Amino acid sequence: MLPPAIHFYLLPLACILMKSCLAFKNDATEILYSHVVKPVPAHPSSNSTLNQARNGGRHFSNTGLDRNTRVQVGCRELRSTKYISDGQCTSISPLKELVCAGECLPLSVLPNWIGGGYGTKYWSRRSSQEWRCVNDKTRTQRIQLQCQDGSTRTYKITVVTACKCKRYTRQHNESSHNFESMSPAKPVQHHRERKRASKSSKHSMS
């Protein structure tokens, strides 16, 4: 048996030895993991990969296509300033109104239509439906005409205040065109039938 004094001196020595052993194990563990863990190679990540990870891949591109399909169409409004005349009477002040004879184009194309070719290429890919600019809103306006003899006249006229785009199908246009082209021929045929009927009645009477 060792005396108590020796135990008192051996206890700190044992603690020092245990700390050195733990430090040796920690150093070995750190060196071991430094060999196992490999540095991640710096690969340049493309924008398409990031978009697929964050936005669901192809779903993002489909939403872009859906936005392009919902194209709002606008009408180019032409403003007109003119005088109204009736014989020797002319309006005192000029009349300003809208003329709905412009072109119907997508709203995103309208600002860049003059001098830009994007609108022409885009609108050439339209479907079998055509858009026309027609009158949307009108109002009645009174105007005064000044005559050469000093008298004045008051007229009521209809003024266009807004235009809109109306969709027509090509089949509708072709059918109306065929109807208009065939309509003048009908009275001629009817006129010939009348001549033949009159001739036959004359022969029967003779």
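From the backbone N, Cα and C atoms, a Cβ is placed for every residue, glycine too.
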Quiz item: Between C104, C147, C163, which residue forms the disulfide that Swiss-Prot gives for C165?
Solution: C104
Quiz item: Of the candidates C89, C100, which does Swiss-Prot name as forming a disulfide with C163?
Solution: C100
Quiz item: Among C21, C75, C89, which cysteine is annotated in Swiss-Prot as forming a disulphide with C133?
Solution: C75
Quiz item: Which ones, of the disulfide-bonded residues C89, C147, C165, have a Cα no more than 10 Å from the Cα of C75 (disulfide bond)?
Solution: C165
Quiz item: Across the domain 'CTCK' (75-170), what is the average pLDDT of the model, as a whole number?
Solution: 76
Quiz item: If we check Cα distances from C133 (disulfide bond), which of the disulfide-bonded residues C89, C163, C165 wins as closest?
Solution: C165
